[in-house]
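Chemist: Residues or ranges marked as transmembrane segment by TrEMBL: 7-25, 31-57, 69-89, 153-178, 219-236, 242-271, 278-300, 312-342.
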Amino acid sequence: MTNKEKRLLYGLGIAVIVSVLFYLLLKTYPFYQFVFSFLMTILTPILIAALIAYLLYPLVNWLNEFMPRWTSILTIYVLIFGGIGFGIYKAVPMFVKQLKGLINFLPQLFDTYQEWIYNLYVSTSNFPEDVHDKMDEAFVKIEEGLVDGLTNIAYSLTGITDVIVIIAVIPILVFYFLKDFSKFKASLLAIGPGNKKGYYQSVLQSIDHNLGGYLRGQFLVCLFVGLISSLLLWLIDMKYPLLLGTFMGMTNIIPYFGPILGAIPAVLIAFTISTNQVIYVILAVVGVQLIEGNLLSPYIVGKSLHVHPVFIIFALLVGGESFGIAGMILAVPVLTIIKVFVEPTPAVKKMKEAWGKK
């Protein structure tokens, strides 16, 4: 068996083991759901703050060459959080206004949808009975899915107090993460035995290179998609352009499936306006995705993943089935980390070989 075949077999074995573990976690979730929810409530602000600090760390390091560390962190705070605060101050009133308008518009949207379903049901009455029944079952499932989705959204909005607390705590945590980033990194390296520190350091550098490049690039791309989508929807006189454009930008973080998920609300609302509006919305979405896929992602995100699309789609399906939207968002970062161990970079291979000879 060649080395290439061994690596392929090893990679498939890892994929099967990870899939089985995900499946077992999913099936046993009711037994530890309360504990998991409690831990996630506590860990969510810490994880978000750690991610923000990780994304900002290279910029802080660069500024640290010209000024003391605390000054560089303060400068980042003024520029980044000040800019975000100003953007929120300007955008939130419009965002809230559009959100209220969308909530008031939902009954009309459901009425239009039910009328469309009824007309389709009548127009297909000449179909064979089995086909007609299957279509009826499919429409019922779609309606149930929409109701469940809106119920979940309403339930999430009731937790606004928790969101405010998280938003208030995150900047404080980010400051301490940035201030002591090197100490946290050293603590990670100190977990393993002393003779493996070189290997662990190479692994962390590889993960940082692949994962860091991907996350920072995706953040910029999602920001672009959100801004341009909002602008295009506003130009074609679409309802709720800021709300829908922001949603498109947020869902764009999910490869392949994200743009489709992000476009669904805009297309559904456009259906209640006119056929021409549907065409304009679809053209706007396609235009943004062409720019993102052919110009932005290749240059901003680059080839940081080096993962075949089949494996990415598989990871997205597993993550989505196991943990829903959150699983799809985390699928690619987790896959990137697994890839470092399955297909180590030359530096990691060299350290691994040197460690194996000891």
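Cβ coordinates come from backbone N, Cα and C, glycine included.
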Chemist: Sort out the residues at least 6 away from either end of the transmembrane segment (278-300), same chain, that have Cβ-Cβ distances under 8 Å to it, and list them.
Modeler: 217, 220-221, 224-225, 228-229, 232-233, 236, 238, 248, 252, 259, 262-263, 266-267, 270-271
Chemist: In terms of Cβ proximity under 8 Å, which residues at least six beyond the ends of the transmembrane segment (242-271) contact it?
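Modeler: Residues packing against the transmembrane segment (242-271) from afar: 91, 94-95, 98-99, 102, 105, 109, 112-113, 116, 218, 221-234, 277-278, 280-282, 285, 288-289, 292, 309, 312-313, 316, 320, 325, 328-329, 332.
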